[in-house]
Amino acid sequence: MAGKAHRLSAEERDQLLPNLRAVGWNELEGRDAIFKQFHFKDFNRAFGFMTRVALQAEKLDHHPEWFNVYNKVHITLSTHECAGLSERDINLASFIEQVAVSMT
C-alpha cells in the first residue's frame, strides 16, 4: 500500500466509525482496534467468507487478526505500522461488511 499509515485522529474517528458501529463493529477496550463477530449458516459459508476477505487483504497488504470456530468468525482490525486504527482498518472493515452481506 502506498504511503505510511497514520493513527486516526479523534475527528477522523468521529467521521469514519459511526457507519461501522451501526453494523456491529466495536472498539476494543484497552487496545486501539475494532472487533466484530460474524455468524454464518454453516462452516462452508464461514470459510468462503474468510477466503474472500483473505484475497482482498492480500491485495491490500493489510491482514486481519481472526479466529474461526465452525460457523463463527471473530475479526479484529488494527494497523501494526501505527500501533492503532488507521484508514486501512476502516476500508478493510467496509469491504468485510460487503462480503458478509453477500454471503447471508
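Even glycines carry a Cβ here, placed using N, Cα and C.
If you check Swiss-Prot, you get these features:
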type	residues	note
BINDING	D61, H62, H63, S78, T79, H80, E81	substrate binding site
MOD_RES	A2	N-acetylalanine
Close in space, distant in sequence - T79 (substrate binding site), Cβ under 8 Å, 6 or more apart: A5, R7, H62, L85, S86, R88, D89
Which of D61, E81, the listed binding-site residues, has fewest other Cβ atoms within 10 Å: D61
Site of maximum Cβ density within 10 Å, from binding-site residues H62, H63, H80: H62
Chain-mates of D61, H62, H63, S78, T79, H80, E81 with C-beta within 8 Å of site centroid, substrate: A5, S86, R88, D89
Other CB atoms within 10 A, centred on S78 (substrate binding site): 21
